[in-house]
Amino acid sequence: MSVVNNRVALTNLVSMEALTTEEVLGLINRGSEYKAGKVVISDHQKDLVANLFFENSTRTHKSFEVAEKKLGLTVLDFNADASAVNKGESLYDTVLTMSALGTDICVIRHPEDDYYKELVESPTITASIVNGGDGSGQHPSQCLLDLLTIYEEFGRFEGLKIAIAGDLTHSRVAKSNMQILKRLGAELYFYGPEEWYSEAFNAYGTYIAIDQIIKELDVLMLLRVQHERHDGHQSFSKESYHQAFGLTQERYQQLKDSAIIMHPAPVNRDVEIADSLVEAPKARIVSQMANGVFVRMAIIEAILNGRNKNS
């Protein structure tokens, strides 16, 4: 990975740890340029991309598709339910097939953690891999759009007090964000049910009760309660979770005037956040969705830069 002619060039994008700080900031800046309409878009019709989603998705899937179409790529139709996956074909063989057909980029979401390792290590698969989310592992494109949203607001990361709240153990968003925000100099706090907290997170921030820190926060990043990963073993109701850990009207009133609220969505209204606050003045949830298109344009461009450099 490198920066060529002031533009990021990537072979794959599978995790935030694999990016240098220069590459992270370069992608954020490029996303901002796309958003401002400052980029003259080249003709990429000859470049083929396949979005291989094996978990349900609205924002990530459609955001990538919009980004790809804005860049002029040819987007191959893929429906996992109508593919050979239903005949028992493995992810590896699906990607191997797409690569053999001449696909340049595969954007993949899959329930298995680290699914991408055998793909990027394969000597036969020539398609570049973009991780659209792997199980409870990583979600690099969501992390980058979150960073753009924060940077638009504050113009910096250094010294910001940021709390990541909720279903921490099961959240790929949390894992990607805590790693890079720590590296960029933010002061991180975590809160949520203790059974959803891992001591491994202590390397990045401090576990604390929300009511002890809420008045000092610059960013409150709420996480979706991932019911599908709990096997029905939650120890509390939606109402009790909201009162203990959610953003209630009372907690909202305690936030600084300059503070912002974020959530990767989909939102469980009246669980992580009061229904009336999803579009409140401090909320940036809709901005995150919009920024996703521009950051993903920057990601796809960076992959194409990397492929052109290596060809």
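Keep in mind that glycine also has a Cβ here, set from the backbone N, Cα and C atoms.
According to Swiss-Prot, the carbamoyl phosphate binding site annotation covers ARG59, THR60, ARG109, HIS139, GLN142, ALA265, PRO266, on the basis of sequence analysis. Here Swiss-Prot flags LYS87, ARG172, ARG224 as L-aspartate binding site, drawing on sequence analysis.
Each residue contributes its Cα atom, and for ARG172 (L-aspartate binding site) and HIS139 (carbamoyl phosphate binding site) those atoms are 5 Å apart.
Apart from ARG59, THR60, ARG109, HIS139, GLN142, ALA265, PRO266, the carbamoyl phosphate site neighbourhood in this chain, defined by C-beta within 8 angstroms of the site C-beta centre, holds SER57, THR58, SER63, GLY132, GLY133, VAL173, PRO264.
Straight-line distance linking the Cα atoms of ARG59 (carbamoyl phosphate binding site) and LYS87 (L-aspartate binding site), rounded to a whole number, equals 28 Å.
Using a 10 Å Cα-Cα cut-off from ARG224 (L-aspartate binding site), the binding-site residues that qualify among THR60, HIS139, GLN142, ALA265, PRO266 are ALA265, PRO266. Taken residue by residue with DSSP, PRO266 (carbamoyl phosphate binding site) is part of neither helix nor strand, so it is coil. Of the recorded residues, PRO266 (carbamoyl phosphate binding site) and LYS87 (L-aspartate binding site) place their C-alpha atoms 31 Å from one another. With every protein chain in view, the residue among the binding-site residues HIS139, ARG172, ARG224 whose Cβ has the most Cβ partners within 10 Å turns out to be HIS139.
The DSSP secondary structure for ARG109 (carbamoyl phosphate binding site) is strand. Counting every protein chain shown, 24 other Cβ atoms lie within 10 Å of the Cβ of GLN142 (carbamoyl phosphate binding site). Between the CA atoms of ALA265 (carbamoyl phosphate binding site) and LYS87 (L-aspartate binding site) there is a gap of 32 Å. Secondary structure from DSSP puts HIS139 (carbamoyl phosphate binding site) in coil.
Taking every pair among ARG59, THR60, ARG109, HIS139, GLN142, ALA265, PRO266, the residues listed as contacting carbamoyl phosphate, the largest Cα to Cα separation comes to 16 Å.
A separation of roughly 26 Å, to the nearest angstrom, links the Cα atoms of LYS87 (L-aspartate binding site) and THR60 (carbamoyl phosphate binding site).
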